[in-house]
Amino acid sequence: MIVFLYISLLFTLMSLGATEVTVSNEMSTEDNLESPLCCNLTTDRVEIDYSSKIVENEYIVMFNGYYKNQARANYINTALNASGVKKWKIISRENPASDYPSDFDVVMLEDTDRGAGLDALTNHPSIKTVTAQRMVLRTLKFVNENYIRRGRTSLTSKNQFWQATGRHTSRRLLRAIPRQITSVLQADSLWNMGITGKGIKVAIFDTGLSKTHPHFRKIKERTNWTNERTFDDGLGHGTFVAGVIASSKECLGFAPDSELHIFRVFTNNQVSYTSWFLDAFNYAILKKINVLNLSIGGPDFKDHPFVDKVWELTANRVVMVSAIGNDGPLYGTLNNPADQMDVIGVGGINFEDQIAKFSSRGMTTWELPQGYGRVKPDIVTYGSAVRGSNIKGGCRVLSGTSVASPVVAGAVTLLASGVLHRGEMINPASIKQALMASARRLPGVNMFEQGHGKLNLMKAYQILSSYKPQASLSPSYIDLSECPYMWPYCTQPLYYGSLPVVVNVTILNGLGVSGVIVNKPQWHPYSPQHGQLLDIAISHSELLWPWSGWMAVSLSVSSEGATYEGLAHGHITVTVESPPGLGETEARQSTVTLPIRAKIIPTPPRHKRILWDQYHNLRYPPGYFPRDNLKVKNDPLDWNGDHIHTNFKDMYQNLRNAGYYVEVLGSPFTCFDASQYGTLLIVDPEEEYFPEEIAKLKRDVDAGLSVIVFADWYNVTIMKKVKFYDENTRQWWMPDTGGSNIPALNDLLASWGIEFGDRVFEGSFKLNDHDMYYASGTSIRKFPKDGLLISANVHDQGLQVSRKCYSCRLIYFTCCFKMLGETSEANKKLNVPILGLLQSKATDKSGRIIIYGDSNCIDASHLEAACYWMLDAMLEYTSTSHLPSIFKDNQLTDLEHQTDTEVPVRMEGNRLHRYSKVLEGNLGESQARPLPQCPHLVWAHPIPLNVSAPSNLYQSQKLLSLMEDVALPTLNIENIIRDASGHENSEEADLWSWRNKQVSPVAYKTENFSFTFTVLVLLSILVFCYWLRLYRPKPKKRKLCKRLINFMQCRRMSTV
């Protein structure tokens, strides 16, 4: 009886202990929060607006290498003096990098000698590029979100500041703002292991930091790259960012013992220059910075001096962390440099794991129109209501992606300090691999919103602690049936005859800064799971540098799958090779597998298939293409890609919900088989058309293809009111098209007697019960009499353009544009034709043509009144020839009294050929290029395997040598972190460098057994000893023992 009491007590204690451990280990970060009644907090959101303008007569001259001051001056002297240029000078730069070799200079050229000087510099063999100097303006605005917690308050707001993740939201626990962001992410577990950031140099490029701020222990160096005579922060943003990374008091940072290198690159007026950043970047390389947080961003991914310097930084083992931008929830709004493969791009979430509405979304748009964008952001983390250091001491609470970025930068700094003993294995690629492999995926959120998921600090540490150099892929698998994570791929199945679906995979190379793909990637279809029905084509970057590259996977269905419906499986294997590491003799190699699953259906009927014309869409960068809505003055650039998965995402989803299948054409009209499609959709085109395209489209329509065109504004007078300052010629230029290229569209539609006008109209109207808004659209000037026209009463927006111009701060250009509405003439409404429908009668099988003068009602960029219903009605007409009643009811009957418009003409002297795929310049005149060849994919040779794939391809990504069972302690800490070295603000040399130093492994503290565990062990020993004494077997009971043994061995025993 006593034994059973002991055993019962033992199991009770063990159960209590197990429950305690489970709660401790499974406590999620979001549960480690204060009571909602603890405090009243006001949350500010940081709105950051970046703009820049060209600095008159100043140029950045980039050299092919690093040279001392005198050598660079000699090269420039040789180039300019030989050309006869007299008025020029090298602008001196007095900053910490002046004493070191550099790869650029800033040269001032006078206007009279500008052209000759630029040509002379560009042609010099030691000079790589010559670009304009830019002055960058950053506007920080702290916006109060009216988000004050006073006891029980509703978290619902009309503006839906946070985007729901798709989970059930009718009831949710109220959660307060966490006391410390470091506690939420469990940084305290690493602190109690002696990991506090020691030995890591972290650079903060921002507005500076006070040397005497009480929160910081190790401000190693402060440098000022501005023209102001102060190192201190006059705005507070730099102090907050530094606090999130390295504060040691009150509002704690992640790595309090890291070495802070403060780069003041913005003045108190929030002004900076490209040359300041380039000098500061060079200095960061010289100082062997380990981690760099960059709180800037913009849409210009073709700003080559800046982009090239970021590549150089990461090639020198600098881990760069950058925010993806605050331009959400619109897709295709990633900012540079966060959109680069070698940079860790960070998005924002709140403490309920919801994606921040302001957080920018993918995809990247570098690859358009021929290819497809990459997955970004890389990871997301908390960017709402995060506490950080205030400029005058104490703490403040801010929200924004510029808050999420230093959270990750601080976490990376802490992680790097914990794996110092891993030496050269820790690099920008391995850090990024660990973050992505350890991230926790958020439910109900797609990959272009969350990347690989939410930052998981402790699991990332486990991975880095046992990391082995290797290559990895992002995404790590392709499942075209998994929704919503694999949006948009999962929204439309594959079928025979469709254009190939392109998945752009990022290759991260942890083997070395440079590498190559050896042999060819191999395609292995799974025979039992119909993998042979997939055709796979693979292209990839020739060189993986720095630390990364790309692999484009094109998927199509073979002819054998024309009637198949189901799933097809297989995988691709890729082998990456890099040069030998330190002390190695053989090249490093890593083979990685990319699982593939695709859903296949029988080919849909022709009338349900829509072809989207991507080839003729142009956007910023590189050229200046204005916004389609002239009323939008704070965001005038057309930079979202004009793709069905970026700013036309909602339109695409509406079409899919209506049962249509949408394919994207990234090549000329001569490259598609029109007999496979019911409708060609041309929306907001800025590009010209090849003569061969115009002729083919006429033949296609005669054979049954229908066309829908959504145009936009075009007016030379308005275009001349919007100034653009060219970087190379240093002259004011105009945009080379309006919202769309109306003269080119008129050439395309001339065969049917259709023509748009050159006036710009704006206003609200109704079509039956539907509210409509015409935002900066054009009108129909000419249309066949047997067609159907619909008109609207709208304003002449061109009359609202003022002759008096003013300069406004906008990204990368200065505009001269103003909207008025003061004159009675401008307020007068005019009846103008805006929508036309035509049945072509060239043959009995001819298709139909529909034109509409404005695309803003299907473009999510600045949508005011959606007209997806009208697009559905248009497709009903083009697909079935049935004319919806709403068009009949509003047909224009009085064709004689319409507003006159002129024929739009191309602006004289335009330079569209610089950015066009159709035009080329020849002696000052533009002419059509030779028609390019259509893309022909080379399908990979299949190597079938007799294997089957698991039902779910997604698993938490596992890198080599990952130990899942590594136990990490979680202990209570105090709010002030002690210096791990015992020295406050010490100036001792670095213990470790990522480049050329070897160190001994870090010694970890030995942990003591808990009291509960000790008691359990002692009780177990006592019970065992008592049992031995009481039930010790005796010789005369051998028969009973034998029976027990037989029973244990499952033998049949006698019943006698």
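Yeah, the Cβs are placed from backbone N, Cα and C, and that goes for glycine too.
The signal peptide annotation in TrEMBL covers 1-19.
Residues or ranges marked as domain 'Membrane-bound transcription factor site-1 protease-like N-terminal' by TrEMBL: 54-134. Mapped onto DSSP helix, strand and coil, the domain 'Membrane-bound transcription factor site-1 protease-like N-terminal' (54-134) counts 26 helix, 33 strand, 22 coil.
Summarised as a single figure, the pLDDT of the domain 'Peptidase S8/S53' (197-453) averages 93. What TrEMBL records for 197-453 is domain 'Peptidase S8/S53'.
Per TrEMBL, the feature active site, charge relay system maps to ASP206 (among others). All protein chains included, ASP206 (active site, charge relay system) registers 26 other Cβ atoms within 10 Å of its own Cβ.
Residues annotated as active site, charge relay system in TrEMBL: HIS237 (among others).
The active site, charge relay system annotation in TrEMBL covers SER402 (among others).
According to TrEMBL, the domain 'MBTPS1 fourth' annotation covers 604-888.
The CA atom of ASP206 (active site, charge relay system) is located 7 Å away from the CA atom of HIS237 (active site, charge relay system). Rounded to the nearest whole angstrom, the C-alpha distance between SER402 (active site, charge relay system) and HIS237 (active site, charge relay system) is 9. Using a 10 Å radius centred on the Cβ of SER402 (active site, charge relay system) and all shown protein chains, the other Cβ atoms total 29.
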